[in-house]
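**Q** Handing you a structure now.
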Amino acid sequence: MESAIAEGGASRFSASSGGGGSRGAPQHYPKTAGNSEFLGKTPGQNAQKWIPARSTRRDDNSAANNSANEKERHDAIFRKVRGILNKLTPEKFDKLCLELLNVGVESKLILKGVILLIVDKALEEPKYSSLYAQLCLRLAEDAPNFDGPAAEGQPGQKQSTTFRRLLISKLQDEFENRTRNVDVYDKRENPLLPEEEEQRAIAKIKMLGNIKFIGELGKLDLIHESILHKCIKTLLEKKKRVQLKDMGEDLECLCQIMRTVGPRLDHERAKSLMDQYFARMCSLMLSKELPARIRFLLQDTVELREHHWVPRKAFLDNGPKTINQIRQDAVKDLGVFIPAPMAQGRSDFFLEGPFMPPRMKMDRDPLGGLADMFGQMPGSGIGTGPGVIQDRFSPTMGRHRSNQLFNGHGGHIMPPTQSQFGEMGGKFMKSQGLSQLYHNQSQGLLSQLQGQSKDMPPRFSKKGQLNADEISLRPAQSFLMNKNQVPKLQPQITMIPPSAQPPRTQTPPLGQTPQLGLKTNPPLIQEKPAKTSKKPPPSKEELLKLTEAVVTDYLNSGNANDAVSGVREMRAPKHFLPEMLSKVIILSLDRSDEDKEKASSLISLLKQEGIATSDNFMQAFLNVLEQCPKLEVDIPLVKSYLAQFAARAIISELVSISELAQPLESGTHFPLFLLCLQQLAKLQDREWLTELFQQSKVNMQKMLPEIDQNKDRMLEILEGKGLSFLFPLLKLEKELLKQIKLDPSPQTIYKWIKDNISPKLHVDKGFVNILMTSFLQYISSEVSPPSDETDSSSAPSKEQLEQEKQLLLSFKPVMQKFLHDHVDLQVSALYALQVHCYNSSFPKGMLLRFFVHFYDMEIIEEEAFLAWKEDITQEFPGKGKALFQVNQWLTWLETAEEEESEEEAD
């Protein structure tokens with residue numbers, strides 16, 4: 001990752017001064033004393049002031065006391081922040097976010113400490129990265145900004161704040177030093193001690209956790225997409241003096257970031273980049289120099305993309321869950337129903353069902369921390385073995401509504417279990433004929449549980465009982481820890497098959513004391529659901545008729561609420577929604593413009609109500625487009641009417657321009673896309689449309705038929721449709737070259753540019769490309785007129801070379817005016833030169849000559865040349881041949897720059 005990742009500065013602070021860890025880990029707070037990076041060297045209003053030597057001892061003591069009080073206050077704040085982070089769960093997220101914002105973030109110093117604690121927690125608990133990323137998103141929006149008002153950034157880009165700048169700076173520091181802590185142990189010649197193995201495992205978790213955290217922040221747009229690409233390039237590129245076998249850590253980080261944020265990066269505009277990344281990964285995957293584990297990681301990542309980023313089942317559910325989700329998973333995976341706490345106000349005496357509610361405690365001791373999450377576990381008692389203390393209710397009490405120990409009511413008590421009395425107890429129960437009760441149900445449940453246990457993780461099939469004191473709501477410190485050290489807080493859950501449990505009876509056997517064993521799960525009693533006469537779902541034909549009736553009534557009456565209610569009552573399945581929206585569009589096509597607008601409003605309203613989605617609309621829109629040949633027989637202007645629907649959908653933010661453009665590329669349904677833009681300009685205004693279109697990054701040439709995909713033809717088509725205002729630079733290209741030919745003096749050219757081109761475009765890459773192309777075309781036409789039949793493979797004469805140099809020198813002031821201190825614009829100028837040489841079939845030595853002239857005349861800086869070399873975009877043709885011609889010169893430039901920097905360092 002390059003310096004661009006730290007958008008707001010290069011401040012750093014030590015990763016060792018934070019911490020997070022799981023509950024029970026030793027508390028380490030950000031130190032303020034003796035940490036020059038964290039406090040002493042921090043510039044700004046909180047920096048320590050110089051005190052003159054003549055100050056009195058009293059002043060010194062007062063300053064020392066104030067400093068000590070300040071440090072104590074900071075430590076208290078950081079302790080509070082750590083406590084909040086330890087309690088962070090999906091359910092308490094909003095509440096704890098507010099608490100965190102109110103801890104007293106009054107200075108940049110405190111904000112740095114908060115960021116340090118959050119990042120360390122995210123690195124130590126990678127499973128919760130998404131939760132900490134959401135927390136960072138909230139803080140980036142709501143935390144105080146100490147940088148003052150920021151300059152306007154690019155449209156659609158998140159505003160840079162102090163929190164975001166410091167967060168990115170911290171992550172950059174972690175990224176650049178990602179393998180440092182792991183390499184310390186890998187370079188040891190002697191075998192590692194158990195403590196060192198554990199420290200190495202923790203360091204590796206943090207390394208991968210940082211990469212995953214960067215990916216999660218990228219999903220939320222807190223880290224720009226270009227930064228994510230720089231991370232990937234850094235991890236993937238071949239380092240100098242580094243063998244392939246030593247790239248294992250970087251490639252593991254690469255696989256982690258691809259799994260996390262790969263789906264977001266893999267879109268149409270970045271497809272060529274992603275293809276290059278994965279081509280490189282495929283080649284590395286076949287290399288025998290890499291360890292087998294790394295090769296398999298690469299293979300898994302490549303296959304993940306081939307399967308459209310749909311992960312295997314093992315990776316689907318790997319994030320933080322709410323308590324309700326945990327209960328549902330217990331029912332689905334373990335076959336155990338864990339009841340939620342009952343609502344207040346319901347009569348406990350009349351409860352029905354296999355389990356009593358946890359709020360009916362009857363002087364019982366609580367289960368502890370687990371009771372808050374799962375409610376009271378059924379069938380639990382106090383003590384073990386014979387003579388245990390009976391619980392005040394049995395799981396079947398709600399059904400029989402009586403218990404010998406409940407309010408003095410006479411009732412029935414459970415018999416002793418087989419597990420309590422061992423083999424003899426089991427034989428005694430069989431002799432009484434009790435084991436036949438519920439035999440069929442038990443056998444069915446047993447086979448079901450045995451089938452489920454095959455897919456059950458090993459930790460759930462171990463022997464042992466559920467102990468509330470052994471439950472931890474957070475994962476173990478590390479899944480890579482020393483295997484000999486079993487974490488103390490490891491949860492253990494044992495499934496007891498129904499066949500091992502006693503049958504229920506209403507009276508105990510003669511001579512036996514009623515007892516209840518500890519931690520035995522009762523059998524599941526499946527009640528037959530009450531028979532209800534459900535109507536079968538409506539058929540497709542019925543749904544279409546209902547849709548037609550609702551839409552016709554709405555278009556006639558204009559009552560949108562009734563229409564939405566009618567759609568709800570249809571209870572249409574999700575897969576039918578696109579067809580329903582298609583029907584809405586088609587029914588309004590042959591009606592008035594007012595009715596078409598009503599239909600568009602109805603679709604937008606269905607989206608707002610959560611009934612339909614943007615994808616549903618796009619599917620419906622494309623369905624209608626496929627029917628256009630048939631519809632055009634009765635409705636000749638059907639494409640214009642559909643353009644109105646698309647335009648209104650964009651205005652109401654139902655879809656974006658880029659989403660609409662994607663299925664219409666390469667001239668599909670041409671000129672529908674241009675008709676949509678016309679309608680947008682008509683319904684809104686040109687400036688609004690121009691800004692929206694530029695934000696969409698749609699390539700207009702790709703929207704035309706393949707035969708028309710060139711600049712001249714595109715300008716001609718856009719002028720015919722009245723849309724040339726979207727591309728002011730296209731007209732500029734022809735007019736600027738005419739102006740240069742008319743008067744090539746730099747003063748005249750600069751004045752013409754100022755008078756005719758908006759200042760906003762002066763820093764636009766497209767403008768720089770056109771400016772350089774115009775200069776190069778003029779120089780080529782003057783040095784080698786078109787009438788001359790010169791061979792591009794022959795070298796130019798001395799006079800031509802001198803004339804070329806003088807013309808370039810005359811344009812130098814104009815070039816420097818627009819390129820100075822703008823490396824990105826200088827790279828665009830080099831691409832303009834590359835394309836000019838490509839269009840001229842690469843005349844002998846031309847590219848190298850201009851590279852040398854640009855360097856000697858200080859038009860282009862060294863950094864821009866090297867950035868052009870490393871850039872792998874395929875937007876401009878001829879890059880491969882261009883690199884071949886100037887590669888030796890670029891190598892010289894790179895080594896010269898390194899030698900110069902070494903001399904400066906000496």
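Just so it is clear, glycine is given a Cβ too, placed from its N, Cα and C backbone atoms.
Remember, it's a predicted structure, so these values are computed and weren't measured experimentally.
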**Q** Which one of Thr42, Thr507 shows up in Swiss-Prot with the note phosphothreonine?
**A** Thr507
**Q** By a simple count, how many Cβ atoms lie within 10 Å of the Cβ of Thr89 (phosphothreonine), its own Cβ left out?
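**A** Result for Thr89 (phosphothreonine): 15 neighbouring Cβ atoms inside 10 Å.
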**Q** Rounded to a whole number, how many Å is the Cα of Thr89 (phosphothreonine) away from the Cα of Lys574 (SUMO2 cross-link)?
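**A** Thr89 (phosphothreonine) and Lys574 (SUMO2 cross-link) have their Cα atoms 32 Å apart.
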**Q** When the pLDDT values for the domain 'MI' (542-665) are averaged, what is the result?
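**A** Overall, the domain 'MI' (542-665) comes to a mean pLDDT of 85.
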